[in-house]
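Noted in Swiss-Prot for the protein shown:
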DISULFID  Cys37-Cys51  disulfide bond
DISULFID  Cys45-Cys65  disulfide bond
DISULFID  Cys67-Cys76  disulfide bond
DOMAIN    33-77  domain 'EGF-like'
CARBOHYD  Asn48  N-linked glycosylation site
CARBOHYD  Asn58  N-linked glycosylation site
SIGNAL    1-19  signal peptide
Amino acid sequence: MVPRDLVATLLCAMCIVQATMPSLDNYLYIIKRIKLCNDDYKNYCLNNGTCFTVALNNVSLNPFCACHINYVGSRCQFINLITIK
């Protein structure tokens, strides 16, 4: 299952690409540019979340996190109470 924050960030990035380069296969264009964050953001995601960024035209967009199932939030900072039993 893909984290909602990741989906929202990808959709936002796709809107930017569509506005600037409408003739490209936007989905694949974005997916190919997702990279792990560099060391500057090694502690950006909390609770063992994984930090990613999208590089468009040699510019990295804001980092975003893929959270473990028990955490949510833009930086995985909240406990997902729905998954706690």
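Yeah, the Cβs are placed from backbone N, Cα and C, and that goes for glycine too.
Counted within 10 Å of its Cβ, the other Cβ atoms near Cys67 (disulfide bond) come to 24, all protein chains included. Classification of Cys45 (disulfide bond) by DSSP places it in coil, neither helical nor stranded. Looking only at other Cβ atoms within 10 Å, the busiest spot among the glycosylation sites Asn48, Asn58 turns out to be Asn48.
Of Cys37, Asn58, Cys76, all annotated as recorded positions, the residue with the shortest Cα distance to Asn48 (N-linked glycosylation site) is Cys76. Taking a C-beta cut-off of under 8 angstroms and a sequence separation of 6 or more, Cys76 (disulfide bond) has the following same-chain neighbours: Cys45, Leu46, Asn47, Asn48, Gly49, Cys65, Cys67, His68. Within 10 Å of the C-beta atom of Cys51 (disulfide bond) sit 20 other C-beta atoms, taking all shown protein chains into account. Summarised as a single figure, the pLDDT of the domain 'EGF-like' (33-77) averages 89. Rounded to a whole number, the distance between the Cα atoms of Cys37 (disulfide bond) and Asn58 (N-linked glycosylation site) is 14 Å. Within the set of disulfide-bonded residues (Cys37, Cys45, Cys65), the lowest number of other Cβ atoms found within 10 Å of a Cβ is recorded at Cys37.
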